[in-house]
Amino acid sequence: MDTFQLDSRFKPAGDQPEAIRQMVEGLEAGLSHQTLLGVTGSGKTFSIANVIAQVQRPTLVLAPNKTLAAQLYGEFKTFFPHNSVEYFVSYYDYYQPEAYVPSSDTYIEKDSSINDHIEQMRLSATKALLERPDAIIVATVSSIYGLGDPASYLKMVLHLDRGDRIDQRELLRRLTSLQYTRNDMDFARATFRVRGDVIDIFPAESDLEAIRVELFDDEVESLSAFDPLTGEVIRKLPRFTFYPKSHYVTPRETLLEAVDQIKAELKERLDYLRNNNKLVEAQRLEQRTRFDLEMILELGYCNGIENYSRYLSGRAPGEPPPTLYDYLPANSLLVIDESHVSVPQVGAMFKGDRSRKETLVEYGFRLPSALDNRPLRFEEWEAVSPQTIFVSATPGPYEAEHAGRVIEQVVRPTGLVDPEIEVRPAMTQVDDLLSQIRQRVAKDERVLVTTLTKRMAEDLTDYLGDHDVRVRYLHSDIDTVERVEIIRDLRAGAFDVLVGINLLREGLDMPEVSLVAILDADKEGFLRSERSLIQTIGRAARNLHGKAILYADNVTGSMQRAIDETERRRAKQIAFNEAHGIVPKGVRKDIKDILEGAVVPGARGKRKGVAKVAEESGRYENELRSPSEISKRIRQLEEKMYQLARDLEFEAAAQLRDEIQTLRERLVNV
């Protein structure tokens with residue numbers, strides 16, 4: 001399946017058909033930059049999916065954070081179920097970079113925790129780009145960081161066809177050079193096991209399928225994909241390509257060449273340090289570098305091998321490092337979502353990384369060539385970026401300067417118009433807000449309140465709670481998963497009011513929110529800029545009765561521009577609806593649908609039993625009222641749990657065990 005096939009029950013509507021036509025036209029005309037100025041809820045992702053389906057080009061979609069990347073990944077998987085939709089974000093759950101603090105003589109060693117599932121998805125993403133013309137990669141700004149050189153990476157692949165002649169020992173040696181390890185007991189990703197002439201290999205980029213290679217007299221007699229848990233053969237294969245375990249795997253001859261170059265640089269640097277009477281730094285550098293070289297010669301890699309990436313990729317000093325962009329085919333397309341946030345991120349990465357590494361080089365912890373293990377500079381990123389579409393409700397100055405064409409998508413397919421805006425005095429903002437909340441809660445609608453400081457958000461939450469308002473507070477200390485759960489609870493009606501400081505960054509759909517209250521809207525600054533105000537006001541744009549109240553004593557320039565722009569959009573939307581006889585309809589979205597991709601996409605790595613368990617838990621609160629109902633439910637779940645255990649689905653069985661325990665606790669309290 002080499003062509004993009006868009007699968008959707010919806011047809012483009014509102015401003016979408018014209019926006020899609022203009023974007024496709026611009027791409028075919030060779031425009032290097034275009035901007036899709038799409039209001040909240042106008043279906044920007046659907047428009048981009050239609051563009052991809054029409055131009056039939058591999059696409060990199062850049063998102064500003066993992067939460068939005070995961071949401072986009074889920075949406076594109078739905079739109080393109082028959083194509084290769086991949087996810088490329090930082091694979092660190094925790095990352096403490098190597099650093100040195102001269103003032104206290106403190107060396108901080110690199111410490112990290114790698115998420116195995118995301119590492120597998122990164123490898124799957126590069127494999128898709130190298131093998132398939134129908135790849136869509138959803139990535140974050142981590143895509144501008146150094147990655148192994150694609151030419152070296154491709155040299156290392158192991159390609160097997162049925163009927164190939166290969167000695168068993170040679171096959172095992174090739175697998176070892178890909179950094180696969182032999183493990184006959186624990187069969188996991190990037191391992192292989194040997195049973196006579198049958199070799200089972202678990203590809204590094206796979207999550208559910210392993211490959212069985214059957215040899216007969218040094219000939220590949222059979223290749224088959226099988227389930228590593230049950231051993232069931234899924235299908236026979238005519239051929240298969242095994243990719244390395246890491247993007248940094250390098251051919252042996254390149255390694256030997258690199259070691260010689262590193263030794264030459266080490267000698268030069270040691271002479272410099274000793275001539276400048278930096279004896280401690282010289283001894284430190286020599287000891288660390290020689291240890292790394294020994295590891296590279298013996299194992300093919302070492303901890304921190306990325307610091308020698310200039311030599312491993314054969315690049316000249318100062319040349320940009322190889323990144324995900326080097327893996328993109330020549331005819332690729334780049335889509336930058338929420339570009340007003342994503343583009344400035346790209347520019348900021350290089351500077352912070354550089355200052356930390358310069359200190360390490362100066363004090364003898366790294367060779368000067370380590371400075372070339374870095375993210376791309378902004379101008380380098382511009383040079384390697386293919387044709388680009390910026391997507392934002394509030395494009396920034398960079399987009400305004402570079403966009404060859406600005407395409408507006410203001411009219412929503414649902415006919416919904418932008419929220420009404422009202423300015424009210426800040427003097428009585430809290431009391432007025434309380435009365436507004438009571439009106440909305442009476443209609444079973446939700447409210448977002450944004451404040452300027454953490455202290456005020458906490459105080460307001462306490463005040464509203466004291467007045468019997470069901471309220472929660474969203475702040476920066478809450479991690480991504482919990483943040484998603486809070487938004488789920490708001491939509492589900494577990495509480496009615498969400499107070500925060502920078503709520504616009506969520507980018508998640510909340511159709512139940514009918515009122516956005518912005519306190520101290522006249523305090524100019526980052527949180528009350530024109531762009532921030534428009535984004536925050538947009539949170540109420542998915543509700544039929546959407547309204548935004550700006551509490552302010554003066555109307556600032558930013559406020560006036562935000563109000564004027566929103567009114568301009570409202571006028572255009574209302575005129576379109578009247579001209580076409582459209583009656584606005586409220587958005588109704590399944591809560592689980594919106595959040596499907598909002599946590600790191602791991603669902604595809606689960607088997608059926610696990611997925612079924614999660615569906616049940618949300619029903620308890622509403623359905624199970626009496627002790628007899630709860631007891632009946634416990635018996636049903638116990639039967640399922642024992643069946644899953646018999647089927648060796650222990651992860652799913654454990655989840656059911658936890659559900660049963662929760663129900664038993666409820667039974668005691670009923």
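Residue numbering: from 1, along the chain as shown.
Yeah, the Cβs are placed from backbone N, Cα and C, and that goes for glycine too.
As annotated by Swiss-Prot, domain 'Helicase ATP-binding' applies to 25-412, with the evidence given as sequence analysis. Per Swiss-Prot, ATP binding site is recorded for Gly38, Val39, Thr40, Gly41, Ser42, Gly43, Lys44, Thr45. The feature motif 'Beta-hairpin' is assigned by Swiss-Prot to 91-114. What Swiss-Prot lists as domain 'Helicase C-terminal' is 429-582, and the listing cites sequence analysis. The feature domain 'UVR' is assigned by Swiss-Prot to 631-666, with sequence analysis given as support.
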Using DSSP, what's the helix, strand and coil tally for the motif 'Beta-hairpin' (91-114)?
3 helix, 15 strand, 6 coil
Taking the mean position of the Cβ atoms of Gly38, Val39, Thr40, Gly41, Ser42, Gly43, Lys44, Thr45 as the ATP site, which residues outside that list, in the same chain, have a Cβ no more than 8 Å away, listed in sequence order?
Ser47, Ala393, Gln409, Arg412
For Thr45 (ATP binding site), which DSSP three-state class applies?
helix
Count of other CB atoms lying within 10 Å of the CB belonging to Ser42 (ATP binding site):
27
Residue, out of the binding-site residues Thr40, Thr45, whose Cβ gathers the largest set of other Cβ atoms within 10 Å:
Thr40
Find, among the binding-site residues listed as Gly38, Val39, Gly41, Lys44, the one whose Cβ has the highest number of other Cβ atoms within 10 Å in the structure shown.
Val39
Determine how many residues of the domain 'UVR' (631-666) DSSP places in helix, in strand and in coil.
33 helix, 0 strand, 3 coil
Tertiary neighbours of Gly43 (ATP binding site) (same chain, Cβ under 8 Å, six or more apart):
Gly14, Gln16, Gln409, Arg412, Pro413
Sort Gly38 (ATP binding site) into helix, strand or coil using the DSSP assignment.
strand
